[in-house]
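J.: I'd like to ask some things about the structure below.
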Protein chains: 2
Amino acid sequence: MTDEKKPRRRPRSDGQRNRENLLKVAKAAFTAGEIDIPLDEIAHRAGVGIGTLYRHFPNRDALIEAVYRAELDRLADAAPVLAAQHPPVEALRAWMRLFVDYIAAKLVIAPALNGLAGGTGTLYAQSGTVLQGAIDGLVAAAVASGDISADIEPVDLLRALAGVSNYAAGPGWETSAKRLVDILIARSQASAS
Amino acid sequence: MTDEKKPRRRPRSDGQRNRENLLKVAKAAFTAGEIDIPLDEIAHRAGVGIGTLYRHFPNRDALIEAVYRAELDRLADAAPVLAAQHPPVEALRAWMRLFVDYIAAKLVIAPALNGLAGGTGTLYAQSGTVLQGAIDGLVAAAVASGDISADIEPVDLLRALAGVSNYAAGPGWETSAKRLVDILIARSQASAS
DNA sequence: ATATATGCGGAGGGTTACTCCGTTTAACAA
DNA sequence: TTGTTAAACGGAGTAACCCTCCGCATATAT
């Protein structure tokens, strides 16, 4: 039953171009706060028909998710780079702050997420995986170096951060978020002594 | 220019009854996960016409917000009660856990919030105020009693909690959330010594 | 050059949010 | 009680939107 589809042909170049274009337009729109933008409009701005949009992304949520995932991947990719440039604890702190910065720059994440209606479960599950991989590595390194203790789940850090970012309404939210980073890390260091 | 509207008449009883009925039905639906339920259906279940729904709540978001606000008020009201029943730090811990429980019981909050599309700003701003009042009192009492230090902003606690709850996807989220409560409080106590 | 799988466009069906206005009814005065 | 009136009601109608379907176009491979 392991029938692997051997695609006979190379994917068509125009298809990929259109797909990327749609993602770019959608990201721009979401970032600009136009979360309720009609899909027809996105298709139009990307210079394609509505049918094309729907072939690439079967529904609205799929499009949002795709944009979101692309950003997440960029964020996850930064982890190994930081790990190579800084000592463990500092790499961890830097990455968490980067996370905050991403949202500060309105890079899609939070607003788009709020737009998702129902089945967020799947989305979170997947995206959680990729981000968790990133932070797990950073935390593991910091624990190995003896700088922080292992009694805090890396996921907790993520969750807290993600949450703070969602409530990015108040004026001092950014300061608040970074302070939270310090608090959580400080706590881990304290109990490592 | 301070023309106070002196309402000539007492508000009509059927109006208030219908309004409360709509809220009740909407809350039940949202809690049951029917976030995308058509407004016509809500009106029907409440035994009123669609026009009536729209007079009480000018649009979908207004209805969601109203349900949400009602729950928040209940949560805020619990703070003084807890403060009277427990010593300061325990009251604080208890209230934060209650917060988590509310979401665990799917009491509207998180799912409905995710459904809100655009201008969440105003909503958060207002709701932040009422919850902030609640937690401020609890923290102030704990600081006054010398049990925790004042170097942590009460708002941070709220933000972190709210965030964790939004990511209520993974299996152990509830444990995770309550662990976060302990971590935050422990950290505050440590620096109070 | 030919064949064909892959991708494209956009009209159209079905659903939903919201408006408008003629009708009903609760509150108050006589 | 009865009459008056402002407040509230109901639901048909409108506009906008999501998504499907299918005949046409084009990139890839031979």
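Backbone N, Cα and C define each Cβ position, glycine as well.
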J.: TrEMBL lists DNA-binding region for one of the ranges A:38-57, A:118-137; which is that range?
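T.: Per TrEMBL, the stretch marked DNA-binding region is A:38-57.
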J.: Given a Cβ distance threshold of under 8 angstroms, which distant residues of the chain, six or more beyond its ends, lie next to the DNA-binding region (A:38-57)?
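T.: Residues 15, 18-19, 21-22, 24-26, 29, 63, 66.
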J.: Using DSSP, how many residues of the domain 'HTH tetR-type' (A:16-75) fall into helix, strand and coil, respectively?
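T.: For the domain 'HTH tetR-type' (A:16-75), the helix, strand and coil counts are 46 helix, 0 strand, 14 coil.
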